[in-house]
Amino acid sequence: MSIASDIGSKGRSDDRRQKLFAGINRASAWLGALGLGWLTPLLKIAAGDNPREQMGELRDSLVFPLMGIVIFGLAWAALAPQVQTSLGAIPGPVEVWEQAGALWQDHVDEREKEAAFYTRQDDRNAKLIAEGREDDVKFRGFTGKPTFIDQIFTSLKTVGLGFAIATVIAVPLGIASGLSRPFNGALNPLVQLFKPVSPLAWLPIVTMIVSAVYVDVNDAFPKALIISAVTVTLCSLWPTLINTALGVASIDKDLINVGKVLQLSTPTTIAKLVLPSAMPLIFTGLRLSLGVGWMVLIAAEMLAQNPGLGKFVWDEFQNGSSNSLARIIVAVLTIGVIGFMLDRVMFTLQTAFTFSSNR
Amino acid sequence: MAPLGAHAEMLDVEKDELKFGFIKLTDMAPLAIAYELGYFEDEGLYVTLEPQANWKVLLDGVITGTLDGAHMLAGQPLAATIGYGTEAHIVTPFSMDLNGNAITVSNAVWELMKPNLEMGADGLPQHPISAAALLPVIDQFADEGRPFNMGMVFPVSTHNYELRYWLAAGGVNPGYYSPDDVSGQIGAKAYLSVTPPPQMPSTMEAGTIDGYAVGEPWNQAAVFKKIGVPVITDYELWKNNPEKVFGMTAEFVEENPNTTIAITKALIRAAKWLDENDNANRLEAVDILSRSEYVGADAEVIANSMTGTFEYEPGDIRDVPDFNVFYRYFATYPYYSDAIWYLTQMRRWGQIAEDKSDDWYADVAKSVYRPDIYLQAARMLVDEGMIAEGDIPWDTDGFRPSTDEFIDGIAYDGRTPNAYIDSLPIGLKTGETAASK
């Protein structure tokens, strides 16, 4: 009796463990997508798995990458002071970290100035009301400078807009050229022609055209934002277009034939057969596009002096103060981290919308 | 005086949200000070200040209306109004400063120049240094088949004319402009080209140019970076010469008369603050200018010239108390004779291709420089107790007295521009064109 109950309870705890591990394994796909794959072995050890088995995994996913970063940091710290520029030695990690702090402090200070600005405005308005001049009361936005943090959000907004336009253009075109050989034939030379064009070449054309066409400027979408975003669109739509076309063209012919037998309408075919099959490649294209877009954006902002991280870098280069290099490096690292995070977000979406790499 | 004591009489401004452009130079100080000390707000103006990539972008911004006004080279409103370069009617009610520029050469050129210089008893070179000391260096470059390149910031910039003045006074022909060739290098011994101010030191470091004329802090920056040596300040070239102006389109001024007066009031107050009590506020100004949103260079570099000294070679620091003048000597008043001097230089170097009458010079100056607006603003400030009656030249006819305080001692009288043009040794004279040279 007691033995039987022992077996029963062991079975139940085994069952729980199995469920726990299954859960961890399911989560690990998501963790991997988010760049947190090193959490999986740690979770397994915490759940009571044999630590030795997990150590190898942990070493590959956590220890080696950390070592890479540490070695890079040490090499940077050791080599940077060796190079003397006219702005002083190239800053090492410590100086860069200090400037990151200074930039954050700058942001905090600017917000305080903003609060003081609104207090002054309120005082002025209160005085006007007290004098019976309600008509003269005005509410105006803060006129201070954009801080580093503000510039990050400006850049994200710009790349988001450019990427959205690129997606809206590239996915339908890609589907059409994947489905129709004549259409593909017509589009292909144009893709080949425009794909290698640099953002710096597009920019003057885009600037002139947007300035001419976009006359009624909306406050939420200033001209500079549209110019940068359209430049991003022109450079980043190609990977999505090409991958979508490829994904659509390589659908299993049997599936298409089944569709024909069932006499599905074109929209239904696209929605039920084409899109689900082409999804993995479409997402691959979107990921590449977003990466290209983010890279292109900084160049466009630098050249056009449009607000964003690119302008921050250019202004610092022009400032030529002894802190400028460290600040530019902060911007470079920020650009890298944000680029990585954008890629992870797209990869996570891909994982969410596609169940396997091919269907 | 309480800086934020908003007892200014607020005008009924037509447009209260304004965007002004500037170039990262210390002489944009009146704009930064008017913003930081709340002078714009006192006038009911909500101003955003935006650094611009170069003078061309800035000018286009004002013409297309992206910018409501800007810190400008004095030559820009004049050239735009007479249609040299982009044509647009730009006016100025406010002159931003006197002096503030210098000419710098690379270390290599300086070493070659040194043997040609007269040394003082202290072993340091005697100032002002003439371009005659540069002449053998340029000849040496020519013998080696290398062009002698120098940077200035814009074809109609003060710096272009100052650099040309200095070179010509020392016997070096800087070349002419013609309607067909706008490079300005016809018959040149030294080749001048455009580089935006903040890029001057790095362009010289890269070897693209051998020297440059630019405003501060980009000459002192060359000293701090140990890449070049300023040879002469513009104060030594022409004592208290006019420099930047605040420019707006004529259209903007016509549509927004009260706004224009309000802007001018705020700027006059800022200029006064900058020079008050023997430059007592300059260190505070340096602190503001060194912020990354304004000039952004290190405070110690900016302080060098802003506090009345100038460092030539490293360690050779000399007093130049009037290096930057913002208010003294009626610096803010837009004198017609200042405008006419720029026009004479445009004619001298062929940017104005044909002869013009003396009246033409006066007429152009009167259509661009607007002392009427300036005097209205100043009168209001006097009434409000912000400035003293004696700070403003109420009775002037707009012409400064004739002066010969130039490096070559040639007298300039704004009433007789053609006679002045003819008296300059190198340059186009009456009846000449670049083609006939």
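Yeah, the Cβs are placed from backbone N, Cα and C, and that goes for glycine too.
Now, the feature entries from TrEMBL:
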- A:20-42: transmembrane segment (TRANSMEM)
- A:62-80: transmembrane segment (TRANSMEM)
- A:152-346: domain 'ABC transmembrane type-1' (DOMAIN)
- A:159-179: transmembrane segment (TRANSMEM)
- A:199-217: transmembrane segment (TRANSMEM)
- A:224-242: transmembrane segment (TRANSMEM)
- A:281-304: transmembrane segment (TRANSMEM)
- A:325-342: transmembrane segment (TRANSMEM)
When counting Cβ pairs under 8 Å to the transmembrane segment (A:325-342), the leader among A:159-179, A:199-217, A:281-304: A:281-304
Any contact, the transmembrane segment (A:199-217) to the transmembrane segment (A:20-42), with at least 3 Cβ pairs under 8 A: no
Distant-in-sequence neighbours of the transmembrane segment (A:159-179), which means Cβ under 8 A and at least six residues beyond its ends: 187-188, 221, 225-226, 228-233, 236-238, 240-249, 270, 274-275, 278, 282, 285-286, 289-290, 293-294, 297, 342
